[in-house]
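Student: Structure in structure tokens, see below.
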Amino acid sequence: MPRNQLFQFKASSQSPPEHSVRPWKVLSVEDDGGYQSSLCHALSTLRVEQRPVEVLKARSAMEAARILPDHPDISVILLDVVMEDDDAGLKLVGTIRETIGNHLVRIVLLTGQPGMAPRTDVMSHLDIDDYWCKSELDHDHLISILNGNIRTWERARQLEKARQGLQILIEASQSLSRQRDLHQYTQAVLMHLSILLDVEEGGIVCALQPAGGDLESSRIVAATGSFGSLSNYTLHQLRDPDMRRSLTQALETHQHVFAPTHTLLNFAQSDLNDSHYLVLIKTGRQLEQSEINLLEVFCENIDSGFRNLSLYKRLNKLAYQDPLLDIPNRNYLKRVIRDLSQAEAEQHQLLAVKLHELNEAALVFGESFCDKVLSALIERLRALSTHPTLIARLDRYDFALLAPIDSFTSELPETLQAPLIIEGATHRIQHIAALVKLSDCPGCPPEQLLRLGELSVASAARDGKRFAFYNPGQEQSVRKRQTLLDKLKSALENQAFSLALQPKVCLKSGQLKGFEALARWTTDDGSSVSPGVFVPLAETAGLITELDLQVLDMTLDVIQQLIAQDTPLPVAFNTSTLDLLNTSYMEVLLTRIEQSGIEHHLLDMEITETQVMEEYEQTAEQLALLRQLGIGISIDDFGTGYSSLAHITDLPASTLKIDQTFVRRLGESEEATHVVEMILRLSERFGFDVVAEGIETRQQLQLLQARGCQLGQGYLFARPMPVAEALQWAQEHHRTSLFQHN
């Protein structure tokens, strides 16, 4: 169903009985029994807006004070001034307004002794709405007074209810946007609906999947109040015939249903996962129009929440699960390792396994044969351990097992090398494996741990072995790292780093839209060191802030040169999360930006998705501050981890950058295409710009254009260039379309 037709209402076929029409409540506070009886008789036939009037009676101010808290829906009080005391009625006014806190009820003072409470004094000093002498109040006057005051009270009540409802909506919407689990989300929906409609009977949420499925077998995913016992059952257990008719009616009409005793909300997600959600709330009464108006707004938020849950579930599967083998992938394994406590880590080990010669087998037997080999290998790996084991696919032919210590038998190497049985035939596929005890790598980050396993496998392959143990005593890599660290310190002292600028291009017009500044390091012997090497080294050595500030200074200088040559284009610079956790770095960064005089919109800070999410609570505040100042925030390599989905609704960023690994596989990998499309859909939904990285071919460009991607960078347009070359390049292409040159 199109979104603009989502919120359609259909009245229930069940008509409310006549006796269910709620009367207006009027309280008579009067010590003269005869006069009170005559009032009740005069009002017995009165109807205001087709509703009768119910008169509650009190014979004293004290009795009235006891009645009022139990009846907050009293619309008018006919209040005698002189009762047990000469000013008992006047004192009751203060009790009603101040002590009880009822500022909506209309108070009409009635007196038989006007001299006891002069009209002018009373009206000016007390919060009352009308004042009459009993002798002047005939039947017509009484009816007129009641009509006017009841209508005024109803309008004021609806305004107050709308105000309260809007506040509830704001709080509920904020709460729902943080939910990522279907059960928790649906429970929260029921809770907030109950608060919004001021009902306590509870309700249920059922899920039909696919949409249009069997109603009887639809699962109840959440239940509250009197329906609590139905949770995790099917709708077959719901026996109320009226509610069952409403459920059927909602499915047939694709609309919400409002019945005299319950409300049925209908949410279809056919464009995402073909699922259907029905939310039933037991109200015990017909909803008012003002409540329906509030529901119209809230249902948009509920529907968006269901859509976000569907997107999150699909993206989470793409991010953490291998689509071919239906097992966890590298990202998921890293997450599990990261969540292990130190004590748990010391009791686990990692087995890295690599298949050899499978490329040759693919040429002979085809890719389908290789898929069967991989499936058979997974079954073999599952049988290796005597304890629960996590098996993950790290790469095409690389796998890892995370298992407790002593899970594997002593025959592990021989078991791995045993032939695989595929379609009844025996095939001997070569494996190389390495075992890493997590206790040998205390405090090692998950990615580094996986790399140790992979390096141990590679080392075994070089030595002609089929199985190896990780040796923590290897010193060569440590010495090499120390030598590089010394060179890094020297390079920072001598400001030996430089920038290379890579253009960012509008994929619709082909116009140059800015640059990304990339740090470059060439050592004294003329060799280049990759940022993938020196950036992590600077982070672990505590030198990253100094490096990033040098990059910032060079970026500011580049922007000033661009402005000077009349090509004022924004430039993005990369920053480490460690800097955002360093308050002094933020102070220096903002000071240098202000001193440069450069307008903030010409600056864009890039930070990787994984780093942002690892310390999200601490970094989000700093990023939000930069966004408020007008500095762009780009989330680099978006899609490689998807951990940011938990915060996508409040992510303080302006741009998402699609990682080049997905761009390069566009048109070749269905999974990569899904990821790109999901990122573009998320960006459109939450107002982010998108930059696709690593565009190298016209086919990739065309596929991105067809999907509405806004910006891109890659070798198809230009490689990263030294600053001088990039400045000249900007002058040549600033006002022309690059598509004329490619």
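The backbone N, Cα and C atoms fix where each Cβ goes, and this holds for glycine too.
Below are the features I grabbed from TrEMBL:
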- 1-20: region 'Disordered' (REGION)
- 1-17: compositional bias 'Polar residues' (COMPBIAS)
- 25-149: domain 'Response regulatory' (DOMAIN)
- Asp80: 4-aspartylphosphate (MOD_RES)
- 481-734: domain 'EAL' (DOMAIN)
Student: What does the DSSP secondary structure composition of the domain 'Response regulatory' (25-149) look like, as residue counts for helix, strand and coil?
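Tutor: Summed over the domain 'Response regulatory' (25-149), the classes give 57 helix, 32 strand, 36 coil.
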Student: Report the mean pLDDT of the predicted model across the domain 'Response regulatory' (25-149), rounded to a whole number.
Tutor: 86
Student: For Asp80 (4-aspartylphosphate), write down the residues of its own chain that are at least 6 apart in sequence and whose Cβ falls under 8 Å from its Cβ; none is a fine answer.
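Tutor: In sequence order, Val29, Glu30, Asp31, Asp32, Gly89, Leu110, Thr111 meet the Cβ cut-off.
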